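Report on the following structure.
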Amino acid sequence: MTAQLRSAFRYIRRNVSFSLSLHELVLLAVLFGIYVAVATLFNKYAPLPYMDEVFHIPQTQRYCSGDWWHWDPKITTFPGLYLLGFLQARLVGLFLAGAAPGQSELQELACSATALRATNVILALACVILIRRIVSTLQPALSDLAISLKALVLTVYPLHFFYTFMFYTDVGSLMWILASYLASLHKAPASCAAAAAMAVLFRQTNAVWATFILGSSVLGLVDKFGLIDDPVKILRKAFDRRSDILEHCGALAMVPVLFAAFVLWNGSVVVGDKEAHQATLHLMQLLYFPACATAFLAPVHFGPRRVRRFTQLVASFFFSKPHYLRFSGAVAILAALPKFVDLFTVAHPYLLADNRHYTFYIWRKLLNAAPYARYLPLPVYLFSLWSLLDAMRDLKQKPWVLGYAAAVALTLAPASLLELRYFTVPFFFAALHTDISECQLVLILAMFVVINISTITVYLMYPFTWPDGSVARFMW
């Protein structure tokens, strides 16, 4: 443990220092200005807690008032967000108490909805620094400008950007996973484990991503240069270096182990409202996610060269020699796909009834518009799945990509609800490990800006009335 603590301090001294490069300072300045402007609009036009904020904000305010034993049974996640919100409120409250002693109403503002929403703005600013440093570690040959551009693009990814201005778990969940991954890349096991534990406190499914980071760390130890594609050889080398692996990865391994123990004790992954979040086998999520991820990275995945490669690959199954095995296998897969869609499409009651989410309209107007509608995107699903994994092969070896695919499956397949924000962490891992040219980054940035302006404008300026008389807003 002493050695791990020393490693953590070394990592903090070398990589999490408070000194920032010029590029990082510029990024922070630009994003801080944007965040303040957009947060002001949110607090002006939608000041009241909305959707899940109705649960998150009052729970944090209970902590701020000293009521540590209250727990809203509708909340399904661990209290990481509320603890961080409480800590921020206390720090702001101390500052206000010093600036204006005796003004208790000012201290109450420290735990108001507006102040708590600012928590995610701070976390989002941390995200951009983590993203930039991960990109510079993974692709050191890139110029500083290209690294900063990629960090900027990923920071304004619509599903991440939108929830920066609401008191949700998504931004904090991503921030801690990014911190854990960056620590693993710099071989700081204690920091990596601590950040992974915090990530699980924000969202339980991050235990899967902690396990993935663990596997990635082991792979980095036994195959430093990414030259081995044979899983058997990797396992043999891992066994030979088991003492090194235990030293570097033992602390991180405790995070998924302890979480597994909690699940056995609790009888479920979720806390609180277990009935509304029961695990199921929703394998269509494994097709929805690649389609969503490649759509947001369309300039990378839907260019003519990549489409032509996929077409040639498909054609090889039907026309290359010896063709009979490939041909029969391809025909069997194509014949089985409609049945796969029938068996593993799940329509959660929230998806069918909640017209405040865009997924309600995706399901109603596209995927379920007609009896045959859900089968029409199958070619897009297959292309997207191939393209997403193939693009990562340029930067990572095959075992890493297979581990990523397994983590995506374990994270998404048990979720019965189709909600696009569940795709955020796997999207970031895919984008960080995809080689994206500067021209493509500019196109993606333009696309993200248009999407963000559109969705935020609709959310803030076009509310409507729900059947129960409450104000409703369109959101992701």
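Glycine is treated like the rest: Cβ placed from N, Cα and C.
Pulled from TrEMBL:
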type     : residues : note
TRANSMEM : 21-42    : transmembrane segment
TRANSMEM : 81-102   : transmembrane segment
TRANSMEM : 114-135  : transmembrane segment
TRANSMEM : 147-168  : transmembrane segment
TRANSMEM : 175-201  : transmembrane segment
TRANSMEM : 207-225  : transmembrane segment
TRANSMEM : 245-265  : transmembrane segment
TRANSMEM : 285-303  : transmembrane segment
TRANSMEM : 324-352  : transmembrane segment
TRANSMEM : 372-389  : transmembrane segment
TRANSMEM : 401-420  : transmembrane segment
TRANSMEM : 440-462  : transmembrane segment
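Among the listed stretches 147-168, 207-225, 285-303, 324-352, 401-420, the one sharing the most Cβ pairs under 8 Å with the transmembrane segment (114-135) is 147-168. Sequence-distant contacts of the transmembrane segment (372-389) (same chain, six or more residues past either end, CB-CB distance under 8 Å): 286-288, 290-291, 293-295, 301, 306-307, 310, 313, 337-338, 341, 345, 366, 401, 404-405, 430.
Note on the transmembrane segment (324-352): residues 276, 280-284, 314, 316-318, 359-360, 363, 368, 374-375, 378, 416-418 of its chain, located 6 or more positions outside it, place their CB under 8 angstroms from a CB of the stretch. Of the ranges 147-168, 401-420, 440-462, the one with the most Cβ pairs under 8 Å to the transmembrane segment (207-225) is 401-420. Long-range contacts of the transmembrane segment (147-168) within the same chain: residues 23-24, 26-27, 30-31, 35, 38-39, 42, 49-53, 56-57, 60, 81, 85, 113, 116-117, 119-121, 124, 127-128, 131-132, 135-136, 139, 174, 296, 420-421, 423-424, 427-428, 431-432, 436, 438, 441-442, 444-445, 448-449, 451-452, 455-456, 459, 475-476, each at least 6 residues beyond the stretch ends and with a Cβ under 8 Å from a Cβ of the stretch.
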